[in-house]
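According to TrEMBL:
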{"type": "TRANSMEM", "residues": "40-62", "note": "transmembrane segment"}
{"type": "TRANSMEM", "residues": "69-88", "note": "transmembrane segment"}
{"type": "TRANSMEM", "residues": "120-137", "note": "transmembrane segment"}
{"type": "TRANSMEM", "residues": "157-180", "note": "transmembrane segment"}
{"type": "TRANSMEM", "residues": "192-212", "note": "transmembrane segment"}
{"type": "TRANSMEM", "residues": "232-250", "note": "transmembrane segment"}
{"type": "TRANSMEM", "residues": "262-283", "note": "transmembrane segment"}
{"type": "TRANSMEM", "residues": "289-309", "note": "transmembrane segment"}
Amino acid sequence: MGDSSAVEQSLVQGEEVKREEIISQNESQLKAPTLVHYKWWIQMIIYSILVLSTQAIGTLLGRIYFEKGGNSLFIAGNCMLYTIGLQYLPVTTYSLICASQLSFNAIFSYFLNKQKCTPYIINSLVILTISSSLLVLHNDDSSERTNNKTSRQKYIFGFLSTLATSAGNALMLSITQLTLQKIFKKESFHLIIEMSIYQSISSTMVLLIGLFASGEWKKLVKEMNEYELGKISYVLNLIGTSICWQFYTVGSVGLIFKVSSLFSNVISILGLPVAPVLAVIFLHDKLSGIIVMSMVLAIWGFVIYVSTLS
């Protein structure tokens, strides 16, 4: 009897040990996804803040550049065509056309990245597009076509340039996601930096070729001397703009890594109303109800989209 009870006791103890091991394994399995989940959200928030802040500051610096006497295509913030649009269009019209990039990206993502277009996502995209479209109704003196100094031909040229580059940039975002999915597959911050640098180097080379081929480089010294805010401000504006858009590219590629090219574009559209708000604070523009409504709709559309991620 003593032997049998000892065996039973050892069996019970063995089962308890196994049960404790299973419980500990389950707890560790539950904790691991939670930590990964939190890490994912933190990284996504960091990249989003990077895109929102640098996009707004870069756009504002570009506006200051052209208003104070700059006129080179060398200022290319995102690319040469975007710069043409920013030079010949009001900020509000420019922002409105940039909003079309979201529609282009949704189409490219559907066919290239197999993006699921649920009713919530479609609703979010519509609200974000309306939010950006409202900005065109915000008429302030500083945003208009500088007392008709911009000719109709240049205005149309700026419109078409901005529209073309919106479609091109949307396609680039989808192709970037496709490349990450099919070729690299594994994500790393080092790879994000590399891709951002390669994109920027490619754009810079094209711009430099155009700058020297057109002979516009000869005008840079004169432009700097005639800049209203002075030579130092001219150089600082160029450097600041370049740094802003470089960090914007890092944040944009990071969001493609973490979520999708469409979400990266959603964050970019969310940031469009931020530039007019900063213009109110730093350039003393007037704050209208249109800007406030645009911000509210942008946040609303963003919240709807984010709810589909959880």
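We count from 1, first residue shown onward.
Heads up, the Cβ atoms here are built off N, Cα and C, so glycines get one too.
Remember, TrEMBL labels are computer predictions, not curated facts.
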Segment-segment contact (the transmembrane segment (232-250); the transmembrane segment (157-180)) at 3 or more Cβ pairs under 8 Å: no
Beyond the flanks of the transmembrane segment (262-283) by 6 or more, those residues with Cβ under 8 Å of it: 47-48, 51-52, 55-57, 59-60, 63-64, 91-92, 95, 98-99, 101-102, 105-106, 109, 113, 115, 121, 124-125, 128-129, 131-132, 135, 138, 142, 170, 173, 251-253, 255-256, 291, 294-295, 298-299, 301-302, 305, 309
Sequence-remote partners of the transmembrane segment (40-62) [C-beta within less than 8 Å, at least six residues beyond its ends]: 75, 77-78, 83, 86, 91, 237, 240-241, 244-245, 247-248, 250-252, 254-255, 258-259, 264, 267-268, 270-271, 274-275, 277-279, 282-283
